[in-house]
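These come from TrEMBL:
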type: TRANSMEM; residues: 12-31; note: transmembrane segment
type: TRANSMEM; residues: 43-65; note: transmembrane segment
type: DOMAIN; residues: 88-216; note: domain 'Palmitoyltransferase DHHC'
type: TRANSMEM; residues: 138-159; note: transmembrane segment
type: TRANSMEM; residues: 179-199; note: transmembrane segment
Amino acid sequence: MGQRIHFVVDPQGWCCMGLIIFVWLYNTIFIPKVILFPHYEEGNISVVAVLCYYFCSLFCIASLFRASVADPGKLTENPKIPVTEREHWELCNKCNMMRPKRSHHCSRCGHCVRRMDHHCPWINNCVGEDNHWLFLQLCFYTQILSSYTLILDFCHYYYFLPLKKENWDVFVFRHELALLRISAFMGLIILGGISRLFYTQLMGIFTDTTSIEKMSNCCEDISRPQKPWQQTFSEVFGTHWKILWFIPFRQRHPLRVPYHFANH
């Protein structure tokens, strides 16, 4: 079953996502032109370093776009509730629709989302059951790309041999120091913020709780068996194959959960 396209009309989310795309374009254009290609041509680095940077950049932007347009788990009107699962459904007091427990109504999107974690303006979408895995991939590859960029900025000045520049009339070489300082500043800001977010997301998966449940403390009154971490990650990513947890170019297939591990 293909993944449904989900588009949120929110100018604030468009601005936040546009800022992320600007940072990605800035580093994807200037870092190879100022550091990777010149040092590769002079034999200071191998082609593997260049390809790894572009692979990280590709996976980062792919997970960003897929997380932003993927359906997070929006509940349809008049859902068909299996008889055996009716006790696990409840009525939303905002949209007056039946929804599975652990769902939440997003006031910004205007509908309920299955196992909603939070609404993220940086992807202009909710993070729910069906796109949580893409959001985790976005956080992961953003950390790698930011760290890689900072390492290249550092090595360019303190490790690599000086370049034999001849094109001083080219804009990027005349303003090289300013461009790399901007790149390092953006890298530090994004790496610090996304690392904290990624850590909280991982802890939520390990404990099988969403960010909304943590803020509302609704899980303190609920007793359910503790799942192994392999199972919780497999349920989020939709596969038991761990290598596929890192691939954004695929479809997620929900896993069937045993009854004694079912939601509430």
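The backbone N, Cα and C atoms fix where each Cβ goes, and this holds for glycine too.
Across the range of the domain 'Palmitoyltransferase DHHC' (88-216), the DSSP-based residue counts are 70 helix, 18 strand, 41 coil.
Beyond the ends of the transmembrane segment (12-31), by six or more residues, the same chain brings 53-54, 57, 60-61, 64, 68, 121-125, 145, 149, 152, 172, 179, 182-183, 186-187, 190 to within a C-beta distance below 8 angstroms of the stretch.
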